[in-house]
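Feature list (source: TrEMBL):
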TRANSMEM  A:6-27  transmembrane segment
TRANSMEM  A:39-56  transmembrane segment
TRANSMEM  A:62-81  transmembrane segment
TRANSMEM  A:93-113  transmembrane segment
TRANSMEM  A:140-159  transmembrane segment
TRANSMEM  A:188-211  transmembrane segment
TRANSMEM  A:223-248  transmembrane segment
TRANSMEM  A:254-275  transmembrane segment
Amino acid sequence: MTQVMLNALVVGTTYALIALGITIIFSIMKVVNFAHGQLYMIGGFVVYYFNVVFGLPFWFGLVMSFLIVGLLGVAMELFLFRPVMLRVKREEVTMLLAMGTAVFLESLALIVFGEKQRGVPPIATGIVELFGARLPTGRIVVIVVAAMLIAALMAFIGYTKTGRALRAMAQDREATALQGVNLKWLSAMGFGLGTGLAGLSGGLLVAIFAVHTGAGTAISIKAFLMIMIGGAGVLSGAILGGFVLGFLESVGYALLPGSLTFLIIFLIVICFLIVRPNGIMGKPWG
Amino acid sequence: MSAQFSIRDLAVSYGRVRAVKGVSLTAGEGQIISLIGANGAGKSSILRAITGLTAPESGEIWFDGERIDGKGPDQIVARGVAMVPEGRRIFPFMSVRDNLLMGAYRRKDNAGVASDLEGILTRFPRLRERIRQQAGSLSGGEQQMVALGRALMSKPRLLLLDEPSLGIAPIIVREIARFITSINRDNGVSVILVEQNSRMALKLSSHSYVLETGKIALSGPSHELAENDDVRRAYLGG
Ligand SMILES: Nc1ncnc2c1ncn2[C@@H]1O[C@H](COP(=O)(O)OP(=O)(O)O)[C@@H](O)[C@H]1O
Ligand SMILES: [Mg+2]
């Protein structure tokens, strides 16, 4: 059981990172980024290319996964979401736009990256014994790095001037503009931060699980599940949602035949949402 | 000598609704002017046009010898204009401290920001007691203090106030009135005060404009308007 718990921790920390990214985008743009999983997948390929194809260090690839997928997000905000949101106010439109982007990115990835599963050499060797369970060192490294990234992100949002402005923008865009904030720049930056986190989680997880172009869809759905569990728009809820889903999934896979796990998770989430439609921490973040 | 701030023939429309139909006004440096008028007269629309939240349909807005209409809010705020919007619009899920610091977003002088924050907390001791609380949990009057403090944190030279007394207990209205007078006198900030509380507006300002359905119906020194029979009947209750 300790083994399962440690696994849940690996999955939970990276899921939390994914959920934080989609939450930031949702908070500042009121857009559910259904392309989040596809950006995650691209992050995985970025690390694969830098590490395996170009022979550069894994960590360099990881930084690039954040930057490249982040810039991709900035472009998405500037050239897709902003022009559309200026013309139409209906929420369904941005949802459809996000879904369309997901399909587009996945098809593009298939052309560019091919359909082969790609992985990277182990980032650390050896086995660590923890509480009587045996865990590959690589997984421990992933947990630690993901936890540090989450802490760094929370510090950025909570204690820097830009982080404060992002929180303000999530609450009241006009009032934020009245403080001298350039909303155009900050929206694009916030969107890029959110997608960059998707890229980063994909890049980090490629160290454990291989990546393939179809990996995004499941992650997009899971990211959506996590914010439904945690409460849309709340950072602490995103972290919680990530861990809850990571835990349910790890326990489910350990105890149940493969395909049953997510069926049961969906049932649990539906029942939970009937009781608490706003998720565990449902309120706007700040 | 040209005025520090002036509006020439401003028009603002929302689709087919013409909210402001050719308004001109001026404010000299260090002056408090007031804009009074019934609900829907177009007062907020004028302020929103000045700060760039609403694009004017036509007309010119000048500040410090520069034309500012057509610029974005961030550009206008950077030039020294701050606004306390209608309904306060504080950030409800942010601490009082973070709300106040948001006002200093564009400032780089950290020491100056810290001392200005201290100054605001000294002026409003109630905010010091609640500095870590979420601003949304404060009373209406306290929220108005947060909104005023936030606006001041940008070190404005022109402050626009949209109905600061609305929905606030009379004792706090007096505190806010004293505050407006003191920032004008001590910091030399020019103020455009929009109020439905005409008595307060006429008392605090040196010059006033009476707005009716998007047009200036009357203007003049505030003490004269306060004596004017039409103004007394329409806005001061007899
Ligand atoms: N966002 C808007 N959309 C459409 N009409 C508006 C909007 N804002 C204000 N108006 C209209 O413009 C007119 C002036 O409103 P406003 O400037 O808010 O007046 P005041 O601040 O004096 O009460 C009113 O008729 C109001 O209904
Ligand atoms: Mg108004």
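Using the three backbone atoms N, Cα and C, a Cβ is placed for every residue, glycine included.
Quick caveat, the model's predicted, so the values are computed rather than measured.
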Recorded stretch that, among A:6-27, A:39-56, A:62-81, A:93-113, has the most CB pairs under 8 Å to the transmembrane segment (A:188-211): A:62-81
Range from A:6-27, A:62-81, A:93-113, A:254-275 with the greatest count of C-beta pairs under 8 A to the transmembrane segment (A:223-248): A:6-27
Region pair the transmembrane segment (A:39-56) / the transmembrane segment (A:254-275), three or more CB pairs under 8 Å: no
Chain residues outside the transmembrane segment (A:140-159) and at least six past its termini with a C-beta under 8 angstroms from it: 9-10, 13-14, 16-17, 20, 24, 123-124, 128, 130, 166-167, 197, 200-201, 204-205, 207-208, 235, 239
